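Enquirer: Starting off with a structure, shown below.
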Amino acid sequence: MTDHDVRVLDESEFRAAHTLFRGALHHPPAPDDTWKLVRESYEPGRAFGAFVDGELVGTAQSFPSRLAVPGGAVVTNAAVSRVGVRADWTRRGVLSSVQRAQLRGLRSAGEVVATLRASETAIYGRYGYGVATRFRLLRIDRRQAAPRTRPAGRVRLVDGESGERIARGLFEELSPRRAGTIARWPAWWAFNVRQAAAEDNLKLAVRSGASGDDGYVAFKVTPGVHDATDEKPTTLSVLDLWARDAEAWADLWLFVLGIDLVAEVTAFGRPVDEPVEWLLGDRRACRVADVADETWLRLLDVPAALAARTYAAGEPVVLGVRDTYLPENAGSYRVAADGVTRVDDAPELVLDVDVLASAYLGDVSFSTLAAARRLDVVEAGALARADALFAAAEVPWCGTYF
Ligand SMILES: CC(=O)SCCNC(=O)CCNC(=O)[C@H](O)C(C)(C)COP(=O)(O)OP(=O)(O)OC[C@H]1O[C@@H](n2cnc3c(N)ncnc32)[C@H](O)[C@@H]1OP(=O)(O)O
């Protein structure tokens, strides 16, 4: 398939790109008042468009962000979003052309990684994106839950404006402690918190302990329907919850589980290792409704990404990386406890860059990937060495939907 004409969009084209993207997701164009807010999230130089005979047929853009990696460092991260191809131009290589331009553009701009949320799992692997974190969707029968403990600190409801300020401060302090988290851009807060608080009944509650504010929860209650023809329970959705320590974390959960008239508490996008069940008197009140792929990670600059994270103790391993879209990443890397070097040595494990991305944050081991035939094992002993080096102290998790 030949390349389409792909270029960076200028400001006058942002709205058409947004309309195209919404159309690809079967939504109507954003109304004028919403567009004012959305417009702020299009930054110059970050939106791409594909054209055929001068007509826009495909688009993708990214938000400026950072990704926390194992060991505590953060790297530049392009949070890729708003990918769409007009329905009458799909399966003609338009997205592939856009991806080629976007990956090259992001790498040239010095971005170390890109991350995205995939609408469908078949799309992004070919461009070098691998699933690097997962999340859980919880459904808790609140009346059955019977929490085992009582709050230790104070949780207070705050209004949208001061709540957003406190939440932003806590999020920026706390989130980078966990590998897989990303920095949020101003428009994320404007859209997901400020607008949601003003127009969509989003509530914020802040927890404070001995040393001041140490966690917050953003949630929304949808009142139930109780009449002769319809019956829907009142549900509370936990949308965002961050805490400095286990005590603050438990208090925030106890707070939402204690809100009157709510029949069901749901939480979308929570970490797979979050011990909510253990807070409850009846652990069966908490159902894991789903465990799904969260972060799709693209290592744009493999040497920089490998150098940014730390490794656990263990013997070195030589990885052979393949990368079709950014061939400068291809080659052998010797990964050791004290760092990574590019080498000419024969690789012991050979893998595509999307598979390396899946192992990068430590969510899945090389042994698991090998068992699923996602990598070639040249030297059998290398698997255990790679597993030991890349092992993560904590399950990676992002926690930011975009
Ligand atoms: C980060 C985000 O924004 S996620 C949102 C993504 N957008 C959407 O889901 C909106 C609806 N879908 C679309 O707009 C389009 O179908 C896209 C963007 C997903 C794909 O665009 P296309 O221009 O059709 O992709 P393109 O033709 O370049 O496809 C390249 C390859 O991927 C395959 N492919 C692309 N999309 C899909 C899909 N949804 N399911 C299965 N295979 C797919 C194609 O078959 C092709 O395979 P081939 O090389 O073996 O022939």
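Quick reminder: no glycine exception, Cβ is built from N, Cα and C everywhere.
In TrEMBL, annotation is done automatically, which means it is predicted and not curated.
Feature annotation from TrEMBL assigns domain 'N-acetyltransferase' to 4-153. Taken from TrEMBL, the feature acetyl-CoA binding site applies to V83, G84, V85, R91, R92, G93, V94, L95, S96, S119, E120. Sequence annotations record features per position, and here TrEMBL assigns active site, proton donor to Y124. If you look up TrEMBL, you'll see F402 marked as active site, proton acceptor.
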Enquirer: Averaged across the domain 'N-acetyltransferase' (4-153), what pLDDT does the model get? Just tell me the whole number, please.
Expert: 97
Enquirer: Would you give the longest CA-CA distance, in whole angstrom, between residues of V83, G84, V85, R91, R92, G93, V94, L95, S96, S119, E120, the set recorded as binding acetyl-CoA?
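Expert: Roughly 19 Å, rounded to the nearest whole number.
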Enquirer: Tell me which of the binding-site residues V83, R92, V94 ends up closest to the residue listed as 'active site, proton acceptor' in space, Cα to Cα.
Expert: V83
Enquirer: Hey, how far is V94 (acetyl-CoA binding site) from Y124 (active site, proton donor), Cα to Cα, in Å?
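Expert: With the alpha carbons as reference points, the distance is 13 Å.
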Enquirer: Count up the helix, strand and coil residues in the domain 'N-acetyltransferase' (4-153) according to DSSP, in that order.
Expert: 47 helix, 52 strand, 51 coil
Enquirer: Taking just the CA atoms, what is the gap between R92 (acetyl-CoA binding site) and the residue listed as 'active site, proton donor' in Å?
Expert: 16
Enquirer: Given the recorded positions V94, S96, Y124, F402, which one has the fewest other C-beta atoms within 10 angstroms of its C-beta?
Expert: S96
Enquirer: Counting every protein chain present, what is the number of Cβ atoms, excluding its own, within 10 Å of the Cβ of E120 (acetyl-CoA binding site)?
Expert: 6
Enquirer: Give me the CA-CA distance between V83 (acetyl-CoA binding site) and Y124 (active site, proton donor), in Å, as a whole number.
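Expert: It is 11 Å, counting Cα to Cα.
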Enquirer: Which recorded positions out of V83, V85, V94, S96, F402 lie by ligand 1, going by a Cβ under 6 Å?
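Expert: Going through V83, V85, V94, S96, F402 in sequence order, those close to ligand 1 turn out to be V83, V85, V94, S96.
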Enquirer: For F402 (active site, proton acceptor), just give me the three-state DSSP call.
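Expert: SS state of F402 (active site, proton acceptor) = coil.
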Enquirer: Return only the integer: C-alpha distance in Å from the residue listed as 'active site, proton donor' to S96 (acetyl-CoA binding site).
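Expert: Roughly 10 Å, rounded to the nearest whole number.
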Enquirer: Tell me which residues of the chain lie with their Cβ under 8 angstroms from that of V85 (acetyl-CoA binding site), as long as they are six or more apart in sequence?
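Expert: For V85 (acetyl-CoA binding site), the qualifying residues are A24, A50, V57, G58, V94, L95, V98.
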